[in-house]
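As structure tokens, the structure follows; a few thoughts come after it.
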Amino acid sequence: MASNPDQPWLLENGTLKGLTKETGRTGRTAHNMSSSSLRKKSDRTLVSKVPCALLRQFLANLQEVLLGTKLFVLFPAIPLAIAAQCFGFARPWVFALSLIGLMPLAERVSFLTEQIAYYTGPTVGGLLNATCGNATELIIAIFALAQHKVAVVKYSLLGSILSNLLLVLGTSLFCGGIANMKKEQKYDRRQADVNSLMLLLAVLCHLLPMLFTFAATGSSTGVGVDPTLHLSRASSIVMLLAYAAYIVFQLWTHRELFEAQEESDDDDVVEETPDIGFWSGIVWLVGMTAVIALLSEYVVGTIEEAADSWGLSVSFISIILLPIVGNAAEHAGAIIFAFKNKLDITLGVALGSATQIAMFVVPLCVIIAWIMGINMDLNFSVIETGSLALSILAVALTLQDGSSHYLKGLVLLLCYIIIAACFFVIKSPLHQSNILHPGLQTSTGAVLGA
């Protein structure tokens, strides 16, 4: 591919390093397509007139990364959150500003992974997307574990799964059905079947520790670590192995099922080019991740004070508010494509994110907590596990025939509203998890206090 002299911001060391005709095709996934719906092209006329090449490249990258999204108006929330934390503002203000600041950052991470994929090829790009697709949830969970707030980890991850399955998918099917009332809405059910199967495996791994707890009630387990914890850790390893097989299935053996198909009005295929250089993308990705980590620390540290100030339970904020705000950009993109009657992209976003969290982020958090010496199991208590199981079952039944209409989306939305009302009413106390000590036996039922 010949470099374009009118686009000097793409050049690093005078060439488009690593960019070839083969790697120019990124094999865009539904996540990439969803996030791209909120992007906008920046006017680089003024930047291209800067005489210094190094400064020109820096300003072009800065403009593309910060102003290349429709959510750029939310970026001021980031320095405001840092200032509120440094100058001792009210904790709910720090929480709210940090949460708002995470919205554009999550979308920019998706953008940067796609940019890097132009140079590394679709396979490595897919692995990056599989790893960084839910980076915000994972980082928040790690900081919550570091502060021994196991309940916040469980609540936030459960909320992410429920919001993707019921809120995002329900809203998309409902809006898409209304907007395309006179059209038949079809989608490839093979991708939905694969994700539904993975989610059913995840629900089994959550149900067994909970059922084991009830079955072991009254029996003598001896002194040591709760057997439910051993079962949860073994199940987490199995889930990670299953997710690895899912990645192989998605990126190699059955790749065509997961690649988002873009419609073309003519026979000419427009070859896409990256907006920033490879090493610039790496540096920006590391920087964005560091800022996400900082804001995640603020969110975890202030969530209890915000809950007390607003009169809400920590469970409601973690399950309902955190996932909605944290993934707002990706969710909005899924709904936009539903309006355009592109349900395969919508399903790829909603089901793909839910599968990634359930089969990768949750078990990984259990393993990380194990390494940190913190007791985290897969027993999410009765109400939480029941909500998860029934939601997955409802989605699986909804998607079984390969067609959609607005009533299916409405039912999923009503399910989400009922679950949200349930956690709004329940005032579950927030208990911190115990650190492992020899001879200490933990009660998994007390972790969530539900």
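Placement of Cβ uses the backbone N, Cα and C atoms for every residue, glycine included.
Sequence-distant contacts of the transmembrane segment (65-84) (same chain, six or more residues past either end, CB-CB distance under 8 Å): 38-42, 90, 93-94, 97-98, 100-101, 103-105, 107-108, 111-112, 275-276, 284, 291, 294-295, 298, 329. Residues annotated as transmembrane segment in TrEMBL: 65-84 (among others).
Panel annotation: around the transmembrane segment (90-106), residues 69, 71-72, 74-75, 77-78, 80-81, 84, 135-136, 288, 291-292, 295-296, 298-299, 302-303, 305-306, 309-310, 321-322, 325-330 of the same chain, lying at least six beyond its termini, place a Cβ under 8 Å from a Cβ of the stretch. Residues or ranges marked as transmembrane segment by TrEMBL: 90-106 (among others).
Annotation source TrEMBL lists domain 'Sodium/calcium exchanger membrane region' at 93-252 (among others).
Taken from TrEMBL, the feature transmembrane segment covers 127-146 (among others). The list of residues near the transmembrane segment (127-146) in space but at least 6 beyond its ends in sequence, with Cβ under 8 angstroms from a Cβ of it, reads 29, 31-32, 102, 105-106, 109-110, 113-114, 116-117, 120, 152-153, 156-157, 160, 247, 250-251, 285, 289, 292-293, 296-297, 299-300, 322-323, 326-327, 352-353, 356-357, 360-361, 364-365, 368-369, 372, 374, 376.
The feature transmembrane segment is assigned by TrEMBL to 152-176 (among others). When Cβ-Cβ distances below 8 Å are used as the criterion, the transmembrane segment (152-176) is approached by residues 134, 137, 140-141, 144-145, 185, 199, 300, 303, 314-315, 318-320, 322-324, 326-327, 331, 334-335, 337-339, 341, 343, 346-347, 349-351, 353-354, 357-358, 361-362, 365, 369, 376, 380, 384, 387-388, 391-392, 394-395, 398, 404-406, 408-413, 415-416, 419, 430, 447-448 of the same chain, each at least six residues removed from its ends.
Residues 165, 227-228, 231-232, 235-236, 238-239, 242-243, 246, 351, 354-355, 358-359, 362-363, 377-382, 385, 388-389, 392, 395-396, 444-445 of the same chain sit 6 or more residues outside the transmembrane segment (197-216) yet have a Cβ under 8 Å from a Cβ within it. Per TrEMBL, the feature transmembrane segment maps to 197-216 (among others).
Among the features that TrEMBL reports, transmembrane segment is placed at 276-296 (among others).
DSSP labels the residues of the domain 'Sodium/calcium exchanger membrane region' (281-424) in these numbers: 121 helix, 3 strand, 20 coil. Annotation source TrEMBL lists domain 'Sodium/calcium exchanger membrane region' at 281-424 (among others).
Long-range contacts of the transmembrane segment (316-339) within the same chain, counting only residues at least 6 positions beyond its ends with a Cβ under 8 Å from a Cβ of the stretch, are 31, 33-38, 69, 71, 99-100, 102-104, 106-107, 110, 136-137, 140, 151-152, 155-156, 158-160, 162-164, 167-169, 171-173, 175-176, 179-180, 299, 303, 306-307, 310, 345-346, 349-350, 353, 420, 423-424. Taken from TrEMBL, the feature transmembrane segment applies to 316-339 (among others).
Residues or ranges marked as transmembrane segment by TrEMBL: 346-372 (among others).
Residues or ranges marked as transmembrane segment by TrEMBL: 378-399 (among others).
Listed as Cβ neighbours of the transmembrane segment (406-426) (distance under 8 Å, sequence separation of 6 or more from its ends, same chain) are residues 162-163, 165-167, 169-178, 181, 312-313, 315-316, 319-320, 383, 387, 390-391, 394-395, 398, 450. The transmembrane segment feature in TrEMBL is assigned to 406-426 (among others).
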